[in-house]
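This report concerns only the one structure given below.
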Amino acid sequence: MTMGGDYSTYLLDIEGTVCPISFVKDTLFPYFTKQVSQLVLQQDSGDSPISEILSQFYIEDKQQLQAHILELVANDVKDPILKQLQGYVWAQGYEAGQIKAPVYADAIDFIKRKDRVFIYSSGSVKAQKLLFGYVLDPNVATHDSLNLNAYIDGYFDINTSGKKTDAQSYASILRDIGVGAGEVLFLSDNLLELDAAAAVGMATGLAVRPGNAHVPDAQKYQIYKTFEDL
Ligand SMILES: CSCCC(=O)C(=O)COP(=O)(O)O
Ligand SMILES: [Mg+2]
């Protein structure tokens, strides 16, 4: 088989696959946690989307609510309500020019070059569109950013499709995309996600990027250090 195989459709994870884990852990999560106190204080101030999302935690006490959210972030819990909330908070940072996503240059090229590219991340669809809407341009020494959304054919998250470690989630995505499993290559840094996708017949590739966690059984998977050859 060639490095790239023969796929009509590509499904991409985000963190550790198209951008460094450090961007999420050292930029996105700290930006969010800095805003949490303010967010919680504003909870009664109206029917904004953020207040509506916060109410879904069903925690009345503001200190308890704040502690609960901080604990979810500290433990990187893929909680659907937290993920919705993060999207709204990060929007402020992206729109103010404070956050730009360091998507790998080969991933930018890949997304532009391939006809059918879909994204599946634990980050909400809103957060995904922001990330790809404000990409740090690797080729230009300016403060400009790239918008890759026009090159992406669809977005899936844990609200639309379920947990990334469940095979059923990939079956649901296949139904939504309307292709057979054998036509799809799913790329991720997480073996549990790759195994879940493989269980429904998708081809899988392990993204090995700088800063990713060591993968003990990496040799069992097709490894991609870059998407240049895909
Ligand atoms: C959409 S960017 C935010 C990333 C995030 O919140 C996250 O949990 C990363 O999950 P992934 O499935 O992309 O590894
Ligand atoms: Mg990942």
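The backbone N, Cα and C atoms fix where each Cβ goes, glycine too.
For Asp189 (Mg(2+) binding site), the same-chain residues 6+ apart in sequence whose C-beta sits under 8 angstroms from its C-beta are Asp13, Glu15, Gly16, Thr17, Ile21, Leu206, Ala207, Val208, Arg209, Asn212, Ala213, Val215. In three-state terms derived from DSSP, Asp189 (Mg(2+) binding site) belongs to neither a helical nor a strand segment and is classed as coil. Residues or ranges marked as Mg(2+) binding site in TrEMBL: Asp13, Glu15, Asp189.
For Ser121 (substrate binding site), applying a Cβ distance below 8 Å and a minimum sequence separation of six or more within one chain yields Asp13, Ile14, Glu15, Ala127, Gln128, Tyr155, Phe156, Asp157, Lys164. The substrate binding site feature in TrEMBL is assigned to Ser121, Ser122, Lys164.
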Beyond the site residues Ser121, Ser122, Lys164: chain residues whose C-beta lies within 8 Å of the centroid, for substrate: Asp13, Ile14, Glu15, Lys78, Tyr120, Gly123, Asp157, Ile158, Glu193
Near-site residues: Mg(2+), ref Asp13, Glu15, Asp189, CB cutoff 8 A to centroid: Ile14, Gly16, Thr17, Val18, Ile21, Ser121, Ser188, Asn190, Glu193, Ala207, Asn212
Filtered binding-site residues, from Ser121, Ser122, Lys164, whose Cβ is under 6 Å from an atom of ligand 2: none
